[in-house]
Amino acid sequence: MGVKAMLPSYELGFYALVVTCAVLYSGSGIFEASRDSMNRKAFRDGIKPGWHYFGRKMDVADFEWVMWFTSFRNIIIFALSGHVLFGKICSMTVPQHRAVMYMIYGALAVLGSMGLVYLMIILSHCLLLYSVALAKQKWLCYVAGLCCLASFKVEPFGSWQSGFVTGAFDLQDVLFYGGCTFTIMRCMSFALESSEREEGIYSIFDLLKYNFYLPFFFFGPVMTFDQFHAQVSTRELRRKDDEMKSIRVNALLHVGAIVAVDIFFHFFYILTLPSDLKFVNRLSDWSLAGLAYSNLVYDWVKAAVMFGVINTIARLDHLEPPQPPKCITMLYIFAET
């Protein structure tokens, strides 16, 4: 759908020059506003002391980014490193059963992080949608999946499900709803693929192996069941030429992006400034445009880093996951979104 054509190089170069000049000019206004408002009382919750050798405070308004790369950084690294190590051992010893090993490790990680009751909620959604898949009716799979998703937004079903998980910690809601909704979408993919299968349907064991692959569990992306099942069932694991080099380069780029974002937040308070409308009203139109553009690009960077790290780990497991989102600055065809 749609016509894709590469724009001429001179036209792309002209656009890049215009955008670069505009971003630099508007960025200077944001930098001055950030510097002048560093100690503003209205921003004290969003601007905290940063790296001491910069001598500036840091924008910490995005609690997800702060939690991922400060409070939960060691836990995330430990869990994903364990998956990589566990997956490497399984790939070398029992490649034909590596999907089972991934499932066991993922289920244990979910159990350890969110508790037994949460695991039971996940399993109940899997069992429900597997039962619907037995009918082999696509429309029924869609309806059941959408109803399961809606159950987290419609009362009293939403509070009833979330009420099972006791205790509280930062990012609990993100992990709870992320794991549940991505589970339902994976179950929908499984049900739709099963409905198209001519001889019977896939087993519920195949669904659990698909759903509890840890790198995809909480945050996606949703790799369709047919692709995951075909790739994870391969016994002959071979790398393409220079594939490991590409994986290492991507890993370094993601680490560099994380560091670059933290440095950026020491000089540009793009997340905290919009919280005070009186202060924002005093900014120039160029600064406001740059502020809006910076927030859009930051949303893309956050998604690209998250998906990029997950995709790098999946590639280490000999999978070909979906590509990360394309930068909004590089989009000129709506279909590429």
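Glycine too: its Cβ is placed from the backbone N, Cα and C atoms.
Noted in TrEMBL for the protein shown:
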TRANSMEM  12-31  transmembrane segment
TRANSMEM  65-87  transmembrane segment
TRANSMEM  99-131  transmembrane segment
TRANSMEM  212-230  transmembrane segment
TRANSMEM  251-271  transmembrane segment
TRANSMEM  291-314  transmembrane segment
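Relative to the transmembrane segment (291-314), the listed stretch 251-271 leads the set 12-31, 65-87, 99-131, 212-230, 251-271 in CB pairs under 8 A. With a threshold of 8 Å between CB atoms, the same-chain residues lying at least 6 positions outside the transmembrane segment (251-271) that come near it are 27, 30-31, 33-34, 37-38, 43, 46-47, 50-51, 54, 56-62, 65, 69, 291, 294-295, 298, 301-302, 304-305, 308-309, 312.
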